[in-house]
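What TrEMBL says about this one:
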DOMAIN    24-286  domain 'NADH:quinone oxidoreductase/Mrp antiporter transmembrane'
SIGNAL    1-24  signal peptide
TRANSMEM  58-80  transmembrane segment
TRANSMEM  92-114  transmembrane segment
TRANSMEM  147-168  transmembrane segment
TRANSMEM  198-218  transmembrane segment
TRANSMEM  239-263  transmembrane segment
TRANSMEM  275-301  transmembrane segment
TRANSMEM  322-342  transmembrane segment
Amino acid sequence: MPNNSTKILLLITLVGGMLVSVSSNSWLGAWMGLEINLMSFIPLMSNVKNMYNTEASLSYFIVQVLASATLLFMVVMKTLTEDLFTFDSSPYTTMIICTPLLLKSGAAPFHWWFPGVMEGLSWENCALLMTVQKAAPLMLMSYLIEINTFTLSIILMSTIVGSVGGLNQTSMRKILTYSSINHTGWMLVALATSENLWMVYFTIYSTLALTVVSAIKLSGTSFINQTMMINKETTLMKFMMFTSLLSLGGLPPFLGFLPKWIVIQAMITNNMAPLAVVVVVTSLITLYYYLSISYSSFMILNTEPKWNLKLHKNKTTKSISAMILSSISLTGMMICTVIANIN
């Protein structure tokens with residue numbers, strides 16, 4: 001991990017690469033922005049003192065280079081027959097351009113690299129990988145994506161794999177990974193049904209993901225069984241972590257239910273009721289394994305070890321930021337409902 005000044009520079013170029021990609025008026029410029037973004041994220045991931053970080057960064061680099069090379073090859077081949085700035089909106093074009101972008105964003109069935117990479121990263125990099133690194137590929141897909149067999153199959157696989165894959169996991173990182181794959185399926189539905197709806201979903205999802213990661217990092221847990229070892233003195237931290245997880249799963253009346261509610265309405269408006277049923281059922285499965293994590297700790301007669309003397313000191317700033325994000329997650333849905341009723 002680089003020092004603070006280098007980290008700030010890399011974060012600036014990371015966001016800059018994303019902005020270059022989404023604001024470019026040609027596919028070659030979009031590819032360049034994706035490469036700048038990748039070259040900024042790799043040094044943030046790697047750490048010479050941690051073998052897992054190095055392995056994860058190498059795996060991520062290989063996968064992203066494969067996706068970038070495929071995207072560049074497809075763009076050049078289409079440019080030779082058409083124009084650099086505009087493509088015909090045929091299902092074939094959508095498929096060949098969106099496939100490397102789906103690989104970059106970690107959607108199923110191109111998700112095979114995602115859990116392994118997430119397992120070897122620090123929590124800050126996990127948050128970046130789940131949120132910022134998805135923005136540019138999703139924005140580029142929004143230019144081409146249409147409701148066809150390819151898109152529907154990707155949506156179904158992402159939602160099903162994201163829900164079923166997290167059922168048997170004990171690692172918090174892998175649970176968040178499969179949840180992210182499930183949310184990617186929801187965002188692809190939003191992309192296919194509306195132009196701006198996916199931005200609302202992505203903004204709320206990013207806020208909730210940052211809330212969950214900040215709460216988990218503050219509690220110092222990496223596996224489910226460690227959540228039982230949080231002391232009674234840090235009950236507020238436990239409450240923040242579990243309510244944020246339930247909000248990310250889409251449980252009413254938390255904020256995470258709002259974007260899913262809007263997407264379900266958009267699907268019904270577009271006569272996609274069977275797809276709506278499938279994605280709602282898979283979202284319930286996701287919510288099930290979030291509830292299984294938090295259920296025992298929410299019980300009145302839960303067990304807590306007396307010998308756990310881990311103290312959480314000198315974390316006032318992080319606690320305040322986690323509390324602010326958690327309060328947004330808790331009250332956001334209610335505030336939005338009040339505003340909607342007033343209007």
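Every residue gets a Cβ built from N, Cα and C, even glycine.
If you look at the transmembrane segment (198-218), the same-chain residues 6 or more away from its ends with a CB under 8 A from one of its CBs are 123-124, 126-127, 130-132, 134-135, 138, 142, 172, 176, 180, 183, 186-187, 190-191, 237, 240-241, 244-245, 247-248, 255-256, 258-259, 262-263, 312, 315, 318-319, 321-322, 325-326, 328-329, 332. Non-local neighbours of the transmembrane segment (239-263) in the same chain are 179, 186, 189-190, 193, 197, 200-201, 204-205, 207-209, 211-212, 215-216, 218-219, 221, 227, 279, 283, 286-287, 290-291, 293-294, 297-298, 322-323, 325-326, 328-334, 336-337; each lies 6+ residues outside the stretch with a CB under 8 Å from one of its CB atoms.
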